[in-house]
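> Okay, here's the structure, questions in a sec.
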Amino acid sequence: MGRAKKVVLAYSGGVDTSVCIPYLKHEWGVEEVITLAADLGQGDELEPIRKKALDAGAAQSLIADGTESFIADYAFPAIQANALYENRYPLSTALARPLIAKLLVEAAEIHGADAVAHGCTGKGNDQVRFDVSITALNPDIKVLAPAREWGMSREETIAYGEKYGVQSPVKKSSPYSIDRNLLGRSVEAGPLEDPWVEPLEEVYDLTKAIADTPDQPEYVDIDFAQGLPTQLNGQALSPVALVEQLNQIVGNHGVGRIDMVENRLVGIKSREIYEAPALLVLIQAHRELESLALTADVTHYKRGIEETYSQLVYNGLWFSPLKDALDAFIQQTQKQVTGTVRVKLFKGAATVVGRQSPHSLYTPDLATYGAEDAFDHKAAEGFIYVWGLPTRVWSQQQR
């Protein structure tokens, strides 16, 4: 008896997911494999991917357009949370996984499948993100992960696929593992596995080399409404269009590159290259707007929430009670986060040079050192005495 009768497989067109099709059928006794490729704005032509799945033995090959939901329902809430894993990575790849899991479960329920499958190995984060998200959405559905169990090397995997007509797309001149969506790219493997080796320029695609960027700065005005990006340079745009345009503008100035060694959930360190031009600038601008609109205590407390939020998303817990609770807190904080932020882009740097908000708590006549100063300086002495009283008492006790 096979492990499942009908399976919906998350499909990318790569070696592992292509080999999963015959492997599920011939090794695990699956009667019918339906593939699902998610369009998340990665820019690939998906029709060849559909054909490749059918040629590899899939009974059906589905394509789900999730781009709008990806930006509006996943990326924009992460911007409100200023989500940066380990204070650097804006989760451009991690944010896609819960949506793909959701699309898989929906397809399985529509087509009457008793299992879903993915091509993740046992070494990365994505296996956790998929398995946990799928289980959270439908605890009764089976999750199959052939690449986690088959024990084949890369060469053996390719050879197995060729036996069933699966052609390898890997070129010897491109040793990298690349994942891409509308938010950005992640690149790993090959020469990048040595953290001392500087990435070649060929690694990057969305951002220009500094030598090729314009010799004049460019200014971008980004409007937010309750923490959500709404306009670019005074033009109202849909979430997808805003990210698309901002990616082009920001990447043209060489902004948006990350080279980091991160701590994976499975306990190993991994050297990753990320490009996320628009997402990084949107988080930077959003955080600056919060500095105007939020009180000091909310701002400081939210920083801890942001770190927990980022870890949850990175660790595959998008669909979890704690994530829901954090969402409620974050949404409460965003009610007054409305305004405009001006960002200067020049030679690989994005610098916030202006911010304004109708809900700004910045009071010029209290902040100024000029003649308009309305701050009561005499009140400072009593405040300092009370504020420092515990320290004074402690110091006296030590004598």
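Quick reminder: no glycine exception, Cβ is built from N, Cα and C everywhere.
Taken from Swiss-Prot, the feature ATP binding site covers ALA10, TYR11, SER12, GLY13, GLY14, VAL15, ASP16, THR17, SER18, ALA38, GLY119, and the record attributes it to sequence analysis. Look at Swiss-Prot and you will find TYR89, ASN125, ARG129, SER177, SER186, GLU262, TYR274 tagged as L-citrulline binding site. Residues annotated as L-aspartate binding site in Swiss-Prot, with sequence analysis given as evidence: THR121, ASN125, ASP126.
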> What's the CA-CA gap between ASP16 (ATP binding site) and THR121 (L-aspartate binding site) in angstrom, rounded?
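Pair distance, Cα basis, whole Å: 9 Å.
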> By the count of other Cβ atoms within 10 Å, pick out the sparsest of the binding-site residues TYR89, TYR274.
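Least crowded of the binding-site residues TYR89, TYR274, by Cβ count within 10 Å, is TYR89.
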> Three states by DSSP: which one describes ASP126 (L-aspartate binding site)?
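ASP126 (L-aspartate binding site) sits in a helix per DSSP.
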> Check the Cα-Cα distances from GLU262 (L-citrulline binding site) to the binding-site residues ALA10, SER12, GLY14, SER18, ASP126 and tell me which is shortest.
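Comparing Cα positions, the candidate nearest GLU262 (L-citrulline binding site) turns out to be ASP126.
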> Can you tell me the CA-to-CA distance separating SER18 (ATP binding site) and THR121 (L-aspartate binding site), as a whole number of Å?
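Cα to Cα, SER18 (ATP binding site) and THR121 (L-aspartate binding site) are separated by 14 Å.
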> Return only the integer: C-alpha distance in Å from TYR89 (L-citrulline binding site) to THR121 (L-aspartate binding site).
22
> Which residue among the binding-site residues GLY14, GLY119 has the fewest other Cβ atoms within 10 Å of its Cβ, if you could check?
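Sparsest of the binding-site residues GLY14, GLY119 by Cβ contacts within 10 Å: GLY14.
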> Using the Cβ center of THR121, ASN125, ASP126 as the L-aspartate site position, which other residues in that chain lie within 8 Å, going by their Cβ?
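My list of surrounding residues reads CYS120, LYS123, GLY124, GLN127, VAL128, ARG129, VAL266.
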> In three-state terms from DSSP, label ASP16 (ATP binding site) for me.
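Note: ASP16 (ATP binding site) is helical by DSSP.
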> If you count other C-beta atoms within 10 angstroms, which of the binding-site residues SER12, SER18, ASN125 is the most crowded?
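The most densely surrounded of these binding-site residues is SER18.
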> Taking the Cβ of ARG129 (L-citrulline binding site) as the centre, count every other Cβ atom within 10 Å, in any protein chain shown.
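Step by step: centre on the Cβ of ARG129 (L-citrulline binding site), count other Cβ atoms within 10 Å, giving 27.
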> Measuring CB to CB from ASP126 (L-aspartate binding site), give everything in the same chain under 8 Å that is also at least six residues away in sequence.
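Spatial neighbours, sequence-distant, of ASP126 (L-aspartate binding site): ARG97, HIS118, CYS120.
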> Spatially, which candidate from the binding-site residues ALA10, SER12, GLY14, GLY119, THR121 is nearest to SER177 (L-citrulline binding site), comparing Cα atoms?
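Comparing Cα positions, the candidate nearest SER177 (L-citrulline binding site) turns out to be GLY14.
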> C-alpha of ALA10 (ATP binding site) to C-alpha of ASN125 (L-citrulline binding site): distance in Å?
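About 16 Å separates the two Cα atoms.
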> How big is the gap, in Å, between the Cα of TYR274 (L-citrulline binding site) and that of SER12 (ATP binding site), rounded to a whole number?
19
